[in-house]
């Protein structure tokens, strides 16, 4: 279930974009402003709105730490702001002076990308706030951009329908026509997918366009291979151009917004529609999931931003716990710790932890004395709650077993397969799950969404043996 919990109506014109950090929500508009809200209660921050752009603001994005916010505008600039006090840190002018339509920070915060209406794309060094490299797409305006989680490459989308993959040296690795009437948005899931055979990893990407379609892709990136873009399947549901799409933090859900005024939430493993939200009264221009916590923001030409909350049975629920098994807590960044605090209901401590730059290693080493003497947390109840949550974290870390290899999981249920079968699309599934899929009068592949030439299911005995052997090693 998805519940509308708040509506923000402060902008005086179309809302163009919204973005989350672990503690804030940023929105920008045709009204030339950027607004910042606290995730604690969705009150606007004291120094908001941010003013400085002389024309419409098209896009905004947070740096990985959440300490900086970038915004870009028709005025041909990308501005960088300090989210702690609203100070403007820099005004980055697009070399061509063309209207800037999209901006993105790299995951490690080394670079900031800005893309413009004339097809120019610029990599800015975030330390010096100087131009590092620049390039151009083949044709059309640059309107979409997304970084891979490892920061090795980024993807841009253009109004002529091309998706282009670049490395961090601004070398064009791949260019492919994907949406006939133009790309409008793209996003890359933060969770990589192992291909099961090589060290190379796939990243799941979504793109949407003026053709009413949302397409799912797999990107393979390796230094010696360059980049490869593989079509996965197309999601249906919208009846008009799709203007925005975004993955949930764990990659298990995808949200989209459209000219048809609807927001649709999909389960990415099956392509099934989980929810359709129809509260906006004009085009839905932007949508974004919060990191870690179960919140969704959608913005519209009706001048509002809606905040939605998921119940705890959604596919992305519990993603903090899942990520504890994927990433050792001692390797958490400061941003991960802040997101964990939000998820545990400890939002009152976010400012203190942020000020003291507490990362995962320091989190695990916190004691009653350090909470009281170093972090100056006066409330005994808060100190006790933090220590209790940290102890739960340690216990979960100790109980987590080795992650299940992705190839052992059924693509439909994402659970360990007991009776794997091979379908006519060449993929392996849990027999019961695929039979249920087919019994609902579906003749399409759960993985590609293409028609299955045959309903024959062949037992995958070699995979079953491999799973049994893996289970034996876990019991020793």
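Cβ coordinates are placed from backbone N, Cα and C, and glycine is handled just like the others.
Features reported for this protein in TrEMBL:
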{"type": "DOMAIN", "residues": "332-396", "note": "domain 'SAM'"}
{"type": "DOMAIN", "residues": "403-476", "note": "domain 'U-box'"}
{"type": "REPEAT", "residues": "50-91", "note": "repeat 'WD'"}
{"type": "REPEAT", "residues": "93-134", "note": "repeat 'WD'"}
{"type": "REPEAT", "residues": "146-167", "note": "repeat 'WD'"}
{"type": "REPEAT", "residues": "235-276", "note": "repeat 'WD'"}
{"type": "REPEAT", "residues": "277-311", "note": "repeat 'WD'"}
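Helix first, then strand, then coil: DSSP counts for the domain 'SAM' (332-396) stand at 47 helix, 0 strand, 18 coil.
Sorting the repeat 'WD' (277-311) by DSSP state (H, G, I as helix; E, B as strand; all else coil) yields 0 helix, 19 strand, 16 coil. Listed stretches 146-167, 235-276, 277-311 were compared with the repeat 'WD' (93-134); the greatest number of C-beta pairs under 8 angstroms is found for 146-167.
The DSSP breakdown of the repeat 'WD' (235-276) into helical (H, G, I), extended (E, B) and coil residues amounts to 0 helix, 22 strand, 20 coil. Model confidence over the repeat 'WD' (50-91) is summarised by a mean pLDDT of 95.
Taken through DSSP, the domain 'U-box' (403-476) splits into 27 helix, 12 strand, 35 coil.
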